[in-house]
Amino acid sequence: MNRGGACASVGAGSRRGMKGQALKGSSGKSETGSRAVGRPRANAAPSADPRADIIAAAARLFRAKGIAGASVREIAAEAGLKKASLYYYFPSKEEIVHAMVEDVLAPALATQRRLGKAALSEAARLYLYLRSDIELLCAAPYDCTWLLSHGSLSDARMGAYWKQRQKLLAWLAARLKQGHAKGEFVACDAATVAQAMLAATEYSVTWAEREDRARMAQTAEQVATLLVRGVLADGRDMDSVKVEAAKR
């Protein structure tokens, strides 16, 4: 799933759109003023959060050597920890991969549930979710699209994550259908457009300036605007959608 994940081993498609894939991960710290396009720098200094350091270290090694090629010992060394210390946080390498997926999937699903209960137009609901999702994915210390393409559904938990990812798509499609019924959106193939929207958010991690948080937020706003504006019905304007969203 992609967001399911997300990442260090994600691949083409989406949280995302390819079977056998995993999703996104937890957020890492960024340095003000640095401008790294795409993946964040490879040698982040240890932080006060060993779990996040382990995930970030694993992401770098998974990308360089593949999930199978990176050992637990190497991940621990990359994170600045002893192997025994790593096992305190993750009992196996597979648990690290699962955490990377869960760290991006769970927040995305929670955001959808929260927005689903809010008194909002479908356009504002969709805009807020897409913007939030891009920020979430870009804040992760790994490229979730790579993780997606390299995950394995032979792993029962990864298979379950993949099913959870389908909920992201179903929610997006529901917004498009309900928005059309309310006169907010044009008629479209909701399932196809939902896939395109998810792909756009997930693959933003491959080119966004992820260590520049201000720039990253601007990117999220611009991409979300483009996606929602593309389905707005005649007589609806994006400025009104943003004004409504800003009140949340």
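Just so you know, glycine gets a Cβ as well, placed from its N, Cα and C.
Note: TrEMBL annotation is automatic and uncurated.
Feature annotation from TrEMBL assigns DNA-binding region to 71-90. Taking Cβ pairs closer than 8 Å, the DNA-binding region (71-90) reaches residues 46, 50-51, 53-54, 56-58, 60-61, 65, 96, 99 in its own chain, all 6 or more past its ends.
Among the features that TrEMBL reports, domain 'HTH tetR-type' is placed at 48-108. Note on the domain 'HTH tetR-type' (48-108): its mean pLDDT in the predicted model is 92.
Annotation comment: TrEMBL describes 1-47 as region 'Disordered'.
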Using DSSP, break the domain 'HTH tetR-type' (48-108) down into helix, strand and coil residues and give each count.
46 helix, 0 strand, 15 coil
